[in-house]
Every structure is written in structure tokens, then in C-alpha cells.
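S.K.: I'd like to ask some things about the structure below.
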Amino acid sequence: MKLIDFYIDKGADVSSENSLCLKKAAEYGHLIVVKYLVDLGVDIIAKEPERIYIKENYGKIVDNYALIMAAKNGHLDVVSYLVEKGANPKSSKDYGMRLAAKYGHYEVVKFLVENGCNANCDRAIIWCCEENHLEILKYLVSKGANIFPDTRNDEDSAIARACAFGRTEIVEYLVGLGVNITDHNYNLAACAISSKNFDLVYYLVDHGANIQTYDHLAIIWASELGFIDMVKYLITKGENIHCRNNYSIKRAISRKKVDMIRYILSIGTFDKQDVSELIKHAEKYRYSEIVNELKIFCLELTNKP
């Protein structure tokens, strides 16, 4: 504090740059400094005058920046003090609460909801699902959060985001509450495959998830990511390795998944025209090793009786 007084004595303006000193003190949780600056009359509601980079808000302008950043970093004492002094907890569409949910600050979320923030906030719900904050999600649901939004066609639904991040506990919780995974039009199994959580894939399929939705996305993603055992599993569950005009092997070619390409060639039923198309596809990416293997495979087809 002596250093701040020193600079003030030398003519420093603690309110300059739109209350930047206060914003930084709040962001880093320095409550004593925050109180001192507020007592000096620094504006606690100051809006950023230009587009700022907060990645979760896509660079949009926000007000009550000090409160929002304190909430993001979990500084409950700073948040509660700023609210007491007149900061708006609901500013920028409950943005402080959303960030507190994203970063797992349960007590901050609870405080902000109790002070007027809307628990039924899609982005807070989705961020909880992505970041595996089950207790915060349960709290938001207890306060009226809707986990059944009209987004069955949308990869941005709560259940889809939980699957995409491999959050098994969150998925089980949502299913336990009645979220229907059998008629979700986005491919939840594909989401789980992308997260490499194969146990979650098995769970979803066992509970009725359709592996063929979204134009056979599950087997296509498994192929392009090189997950041979997962491709085998999906085939046992009724998937067709030749779906979408052999798109699975084409994606494997595009990603240079040589072992996957060899596996699909070994189990599939290809004619010379099919392989000629695959050769053209590989040539487009200038994958000489794959092109040569496909040419050999095509020659073997020609020599078959």
C-alpha cells in the first residue's frame, strides 16, 4: 500500500486507463488493494472502452470487468465485496457466473446465483459438462437449469459436449436425469470417439445411442483417427465399412493412417473401380507409400481368378 501511496504522491492517477489498477487487483484477488482503491473513488463498474480479449467471450466488450475477472479466478471475497459496493453480478449476461462455472469455482457460482444470476444459462451448463464440474452442474440444475434444451440436432447440446470431452460421470448424470440419447440426431458415439474415451462409447451404445446418425460419423471418425479396435467394434454393432462411398478409408488415407488403410482393405469388398478411386484420392495428397500399396492391391485384384 505504501508503494501505491508513493505513486499517488508523485501524481499517479489510480483511475487512469478505465480503472485498470482496480481491475488488475480484482483479477489477482488482492482484496485489501481493491478496498483501498474503491475508498479512493475508483469506478468499480468501468467498462472496457475497446474490444478486449477474453477468449471465452470472443472479444466482446464487457462492463463490470473487475467483478467478472475476480469471478473467473475464484476470488469470492473480492466478488462479494464488489457486489456489496454496487457492482452488477448480472452484467454482460451473467458473464461472471458463466466463467466461474467454467473454471470450477462452486462457491462463486452459488454466490452469484443467490445474487440474481440466472442458473438456467446454456453456456454455463455446457462449460460444466466440458470441464467436468459435476457438483456445479448439479447445483445449477437444482436452481432450475434446463438440461433438455431444444438442441437434439446440435453438437453444442450439453450431452454432446460431455461426450466430446469424454466426461463419463457427467454423461451418466444427464442420462440418469432423463436426457434421451437414443434419438439425439448428432452422433454421440462419434463425440466420445473423438475424446478417446472408448468406455464411454460402449456405455452410450449399451444405452441405445445410434452409431449411424449424422451420416455414419462414428465409424468415419474412428477410421480417420486410426482406432482399429473401435472400427472392429462398430462393425460388430452393425456399421458398414463401405458407407458413404468408402468414405471411412478415404478419411484414413487423408490422415495417413497406414495400418487402418491396410485393415479396411483386408476386411472390405473392393473392386478395381473402387481401388482406382482410392488411388486418385491418395495421389491428391501425394502419399506415395499409400499409392504404391493401393496399386499393388489393385494388381492382386486383377490377378484373382
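Every residue, even glycine, has its Cβ placed from backbone N, Cα and C.
Note that the coordinates shown come from a computational prediction; the quantities given were computed from them, not determined experimentally.
Grabbed the feature section from Swiss-Prot, which reads as follows:
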REPEAT    1-16  repeat 'ANK 1'
REPEAT    17-46  repeat 'ANK 2'
REPEAT    62-91  repeat 'ANK 3'
REPEAT    93-121  repeat 'ANK 4'
REPEAT    123-149  repeat 'ANK 5'
REPEAT    154-183  repeat 'ANK 6'
REPEAT    184-213  repeat 'ANK 7'
REPEAT    215-243  repeat 'ANK 8'
REPEAT    245-274  repeat 'ANK 9'
S.K.: If you run through the repeat 'ANK 2' (17-46) with DSSP, how many residues end up as helix, strand and coil?
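M.R.: Final tally across the stretch: 20 helix, 0 strand, 10 coil.
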S.K.: Who are the long-range neighbours of the repeat 'ANK 8' (215-243) in its own chain, taking Cβ under 8 Å and residues 6 or more past its ends?
M.R.: 187, 189-190, 193-194, 196, 198, 201-202, 205, 249, 251-252, 254-255, 257, 259-260, 263-264, 267-269
S.K.: Which residues, given as numbers and ranges, are at least 6 beyond the ends of the repeat 'ANK 6' (154-183) yet have a Cβ under 8 Å from it?
M.R.: 125-126, 128-132, 134, 137-138, 141, 147-148, 189, 191-192, 194-197, 199-200, 203-204, 207-210
S.K.: What are the helix, strand and coil residue counts for the repeat 'ANK 5' (123-149) according to DSSP?
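M.R.: Helix, strand, coil within the repeat 'ANK 5' (123-149): 18 helix, 0 strand, 9 coil.
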S.K.: Per DSSP, what is the residue tally for the repeat 'ANK 7' (184-213) in helix, strand and coil?
M.R.: 17 helix, 0 strand, 13 coil
